[in-house]
Amino acid sequence: MEKTLSIIKPDAVKKGVIGQILTRFESNGLRIAATKKIQLSEKEAQEFYAVHKDRPFFKDLVEFMISGPVVVSVLEGKNAVLKNRELMGATNPKEAAAGTIRADFADSIDANAVHGSDSLENAKIEIEFFFSKTEIL
């Protein structure tokens, strides 16, 4: 079974829609193998998003991701990476299909409610960033 990482970002946590988002995953065949609510440090956010360090939005992204708690989860299921990305919708909520997480809960391209791994390779790296093997059941 494939695994992927999901992050419910500070904007969605603040809105109180954690349960609704996790329910969407489960309703669509993704099992929650691990989940925890954490407060990222600036260093952790910089490390996690290091791939974007030379992009103009990097500083704002880091500041946003440390602005409040996040919920990190390992989702497991058939085609988990693709299924999660379909459930999330387009990065820009204005372009996200109706019924997707971002269309329903995101405010902007920056405060876009959720993060999801974009490949199996990145999913493995991202999961290992947040979870030890003993935390994934």
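Every residue, even glycine, has its Cβ placed from backbone N, Cα and C.
Summarising the annotation, Swiss-Prot assigns ATP binding site to K9, F57, R85, T91, R102, N112. Taken from Swiss-Prot, the feature active site, pros-phosphohistidine intermediate covers H115, and the record attributes it to sequence analysis.
Counting Cβ atoms from all protein chains shown, R85 (ATP binding site) has 18 others lying within 10 Å of its own Cβ.
Ranking the binding-site residues T91, N112 by the number of CB atoms within 10 A of their own CB puts N112 at the top. With a cut-off of 8 Å between CB atoms and residues at least 6 apart in sequence, the same chain places D110 near F57 (ATP binding site), listed in sequence order. For the ATP site listed in the record, the two most distant Cα atoms among K9, F57, R85, T91, R102, N112 lie 21 Å apart.
Counting only the Cα atoms, the space from R85 (ATP binding site) to H115 (active site, pros-phosphohistidine intermediate) is about 9 angstrom.
A straight line from the CA of K9 (ATP binding site) to the CA of H115 (active site, pros-phosphohistidine intermediate) spans 7 Å. Around the residue listed as 'active site, pros-phosphohistidine intermediate', the same-chain residues six or more apart in sequence whose CB sits under 8 Å from its CB are L5, S6, I7, K9, listed in sequence order. Take the CB of K9 (ATP binding site) and look out to 10 A: across all protein chains shown you find 22 other CB atoms. Taking Cβ-Cβ distances under 8 Å and a sequence separation of 6 or more, the neighbours of R102 (ATP binding site) in its chain are M88, G89, A90, T91, N92, P93, A96, N112, A113, V114. H115 (active site, pros-phosphohistidine intermediate) falls within a strand when secondary structure is assigned with DSSP.
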